[in-house]
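Visitor: The DNA-binding region annotation in TrEMBL covers 73-129. Taken from TrEMBL, the feature compositional bias 'Acidic residues' covers 339-348. Annotation source TrEMBL lists domain 'Homeobox' at 71-128. Taken from TrEMBL, the feature domain 'TLC' applies to 131-332. Under the heading region 'Disordered', TrEMBL lists 337-373. Residues annotated as transmembrane segment in TrEMBL: 39-56, 136-155, 180-199, 263-285, 300-319.
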Amino acid sequence: MLQTVGGWLWWERLWLPGNVSWSDLEDSEGRVYAKASQLYAALPCALCLLLVRFLFERYLATPVANVWGIRDRVRLTAEQNPILENYFCRQARVPSQADVRSLCKKTSWPERRVQVWFRRRRNQERPGLRKRFCEASWRCVFYFFAFVGGVLALYDKPWLYNLKEVWEGFPKQSMLPSQYWYYLLEMGFYLSLLLSLSFDVKRKDFKEQVIHHIATLTLLSFSWISNYIRIGTIVMAVHDSADILLEGAKVFNYAKWHKTANAIFVVFTVLFMLTRLVIFPFWLIHCTWVYPPEKFPPFFGYYFFNVMLLLLQILHLYWAALISRMFYKCIFSKLEGDDRSDEEEDDSDSPKERNHKLSHMNGSGARGRANGH
């Protein structure tokens, strides 16, 4: 049974053009080809990156946060209440209005007190500013070094300047050491992001992030096995270039350097739109869609690879909409954070309720001063 499944899984027509077999991609005469077994190295690489990340956040990012005075917001702790805690943990973090009324009867609390309790309890679950700063710092540093590595691996290659060279001699293209390490580093990083999703800051586009990481790992794995390595390295470098600026803008925004953060974010927006909405679809997808049939008949892998690239492009369009909204805030108002973030809620009384309380405590004069303020 397993042998049959393995035969179908590694059927040459799934991975290679019609006139090529696995035997043609065996190392010989100084030519080295990528092998599927080498992908297993991505797991220990991911674990090593998680360790490096832990050390980086603890011994570099945290001291920098201290120097820049980055502190977590003081949060009011939700009162001990087993009934509300049980509902929060087992049913919903945001109760409906009908459930709020039901909980009021069970706890003998007024509606406002129940609502404030849930807001405070939700805030307790949200990561603090220092955690967000450390995460953004780690990603910024990684993307920087990954992009530099990508540039070093590509700057002297003819296929960077003439995309038709990507398919010259395909798939019998020898793998270079720089390509191996670049792939291993990127795959290890995205695998580490998947492994750390449960304790990283959870954002509004959490599902899209999961899809993105899985699609990226699938693309990298497939391009490795099918020897789409040349185009794969270009795709990775194009993506890393803008990500550096995004994470850098977050770092400075968390540090309250708002003018610097806004300036970086403007540059990031321009670069993102250029790389993800122009270069990626009209250069890279065009390269993988139009040029290959000129060299060999289309096969399953050709269609699969292009479909995965189109899936990434759909995600780019989704994020472009979010970025455009943030860009509008940056230019015409004030960018206070990431629109993808799950921001803290105000767990205090509303101004109207505070004024109402003050009026009862201090009389009409206090009421007038409170309303005026």
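Each residue, glycine too, has its Cβ placed from N, Cα and C.
Structural setting of the listed features?
Guide: Mean pLDDT of the predicted structure over the DNA-binding region (73-129): 85.
A Cβ distance under 8 Å defines the sequence-distant neighbours of the transmembrane segment (180-199), meaning residues of its chain 6+ beyond its ends; these are 34, 38-39, 41-43, 45-50, 53, 142, 146, 149-150, 153, 206, 209-210, 213-214, 216-217, 220-221, 224, 229, 232-233, 236.
Long-range contacts of the transmembrane segment (300-319) within its own chain (CB-CB distance under 8 A, at least 6 residues past either end) are made by residues 13-16, 205, 208, 211-212, 215-216, 218-219, 222-223, 226, 228, 235, 272, 276-277, 280-281, 284-285, 288-289, 292-293.
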